[in-house]
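The ADP binding site annotation in Swiss-Prot covers Thr12, Arg16, Thr266, Gly309, Gly410, Asn414 and rests on sequence analysis. Among the features that Swiss-Prot reports, sn-glycerol 3-phosphate binding site is placed at Thr12, Arg82, Glu83, Tyr134, Asp244. Look at Swiss-Prot and you will find Thr12, Thr13, Ser14, Thr266, Gly309, Gln313, Gly410 tagged as ATP binding site. What Swiss-Prot records for Arg82, Glu83, Tyr134, Asp244, Gln245 is glycerol binding site. Look at Swiss-Prot and you will find His230 tagged as phosphohistidine.
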Amino acid sequence: MEKYILSIDQGTTSSRAILFNQKGEIAGVAQREFKQYFPQSGWVEHDANEIWTSVLAVMTEVINENDVRADQIAGIGITNQRETTVVWDKHTGRPIYHAIVWQSRQTQSICSELKQQGYEQTFRDKTGLLLDPYFAGTKVKWILDNVEGAREKAENGDLLFGTIDTWLVWKLSGKAAHITDYSNASRTLMFNIHDLEWDDELLELLTVPKNMLPEVKPSSEVYGKTIDYHFYGQEVPIAGVAGDQQAALFGQACFERGDVKNTYGTGGFMLMNTGDKAVKSESGLLTTIAYGIDGKVNYALEGSIFVSGSAIQWLRDGLRMINSAPQSESYATRVDSTEGVYVVPAFVGLGTPYWDSEARGAIFGLTRGTEKEHFIRATLESLCYQTRDVMEAMSKDSGIDVQSLRVDGGAVKNNFIMQFQADIVNTSVERPEIQETTALGAAYLAGLAVGFWESKDDIAKNWKLEEKFDPKMDEGEREKLYRGWKKAVEATQVFKTE
């Protein structure tokens, strides 16, 4: 009887369940979208119960549709949209407010106040993060401050906090396990990434009671078992957890110091494994925990690009220049260059290494000879320039020259982007056969804990190259193009909203 690992990939817009066999191949997929709530400008929320219902639905569907029995599931791994915050009543199991999503800016005033009080460096030193609404800590404070009776309930020990991984493990285990893993804890602004403990000083600054917080565990461990009524009468080990970007790093078998993966999703995320050393960034990168396994943690440097694949969606839905995302490649390759056109897609500001929330998108270098093809090509190239910005910051902070770049996410199917990426960073770009690396990473973590895979070496053998893109551009051309990009970014920052 063939066994599988079930991976739950709980994302920002949908929940997916994917079955993996021992070779790390996909044996079945189910997906379900859920509703986004926008109660005010800049606020983004989810209904945590809707997320839970969607997860139950995809788990059921992937098992039924692929004629797999529940007793063929050796373990469950969970990967999740990071930072999204749930606070619930531990007796009733009901959330006391919507889940506040990572994108939501509703805690901006809390962050500003803490900065004015001079605590920014304290948070940076202990957590490796910026004092930004992006992270979970200020979201918990906001819920306790704004939901009637919440703070009193929290002080009395009646409320629990969790990121989405914690919420799902708690529900799946029938309320038995209130846990998170090192990678998710490191995104909360409340966890000391050096001591590997919840930090009392930070909790005091955020006025969050410690009794609400989950126990922090390794990313690969049996945390508990599914309660039988949620899983066809079976008690299946819940055995792996990691935040989405860290799971992708693991799924790409980036186990060695200096290994790098880049995800081209709606936004872009680059992570470098820095081994057992938490590298302090001087270049606007985040220092975070990659994963905890075998009794130790691996750290990572992370760079965030706010607009990556969503720039292609903009060409399709906003400007109607293309009918489908793949069409962008054929337009881009009809011309040999952009003829000096640069698109800076700072639609929601600029991420790493600039961290400029006031910047807005801009186009430079237009002439009467500029055609649609030049514009589309310039938009695709912007994904690659932004990646070089992040990679240079990583090399500078870590002292490691990146030897190859493993890639995943929707935009990696675009061969033009992959080749231009290799050219502009002067590094080989490696596209794997299995591009569901986030779900695969969670599966690997769970599989290691239950003996489905023996070791990381076992997993590394599963990684297979689909195509390698080597740099072909000469040095002079590469640097000239990149200088133009830097100039365009600088000009974009000059032209800010008032």
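Using the three backbone atoms N, Cα and C, a Cβ is placed for every residue, glycine included.
These figures come from a predicted structure and were not determined experimentally.
A map of Swiss-Prot features onto the structure.
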residue: Ser14; record: ATP binding site; Cβ neighbours (10 Å): 14
residue: Arg16; record: ADP binding site; Cβ neighbours (10 Å): 21
residue: Arg82; record: sn-glycerol 3-phosphate binding site; Cβ neighbours (10 Å): 26
residue: Glu83; record: sn-glycerol 3-phosphate binding site; Cβ neighbours (10 Å): 25
residue: Tyr134; record: sn-glycerol 3-phosphate binding site; Cβ neighbours (10 Å): 21
residue: Asp244; record: sn-glycerol 3-phosphate binding site; Cβ neighbours (10 Å): 27
residue: Thr266; record: ADP binding site; Cβ neighbours (10 Å): 19
residue: Gln313; record: ATP binding site; Cβ neighbours (10 Å): 14
residue: Gly410; record: ADP binding site; Cβ neighbours (10 Å): 16
residue: Asn414; record: ADP binding site; Cβ neighbours (10 Å): 21
Check your understanding: Which one, from the binding-site residues Thr12, Thr13, has the smallest tally of other C-beta atoms lying within 10 Å of its C-beta?
Key -> Thr13
Review point. Largest pairwise Cα distance, Å, within the listed ADP binders Thr12, Arg16, Thr266, Gly309, Gly410, Asn414?
Key: 23
Review point. Restricting the comparison to the binding-site residues Thr13, Arg82, Tyr134, which residue's C-alpha is spatially nearest the C-alpha of Gly309 (ADP binding site)?
Key: Thr13
Exercise for review: May I ask which of the recorded positions Thr12, Arg16, His230, Gln313, Asn414 is closest to Asp244 (sn-glycerol 3-phosphate binding site) if we compare their C-alpha atoms?
Suggested key: Thr12
**Study point:** Around the Cβ of His230 (phosphohistidine), the count of other Cβ atoms that are within 10 Å
**Key:** 18
Point to revise | Ser14 (ATP binding site): secondary structure state under DSSP, collapsed to three categories | key: strand
Point to revise | Largest inter-residue Cα distance among Arg82, Glu83, Tyr134, Asp244, Gln245 [record-listed glycerol binders, Å] | key: 15
Check your understanding: Rounded to the nearest angstrom, how far is the Cα of Arg82 (sn-glycerol 3-phosphate binding site) from the Cα of Thr12 (ADP binding site)?
Key -> 9
Practice item. Take the Cβ of Gln245 (glycerol binding site) and count every other Cβ within 10 Å, whichever protein chain it belongs to. Key: 24
Exercise for review: Around the recorded sn-glycerol 3-phosphate site, report the further residues of that chain (criterion: Cβ within 8 Å of the mean position of the Cβ atoms of Thr12, Arg82, Glu83, Tyr134, Asp244; site residues excluded), sequence-ordered.
Suggested key: Asn80, Gln81, Thr84, Val101, Trp102, Gln103, Arg187, Gly243
Check your understanding: Taking the centroid of the Cβ atoms of Arg82, Glu83, Tyr134, Asp244, Gln245 as the glycerol site, which other residues of that chain lie with their Cβ within 8 Å of it, listed in sequence order?
Key -> Gln81, Thr84, Trp102, Arg187, Gly243
Review point. Which of the binding-site residues listed here (Thr13, Ser14, Arg82, Tyr134, Gln313) have a Cα atom within 10 Å of the Cα of Thr266 (ADP binding site)?
Key: Gln313
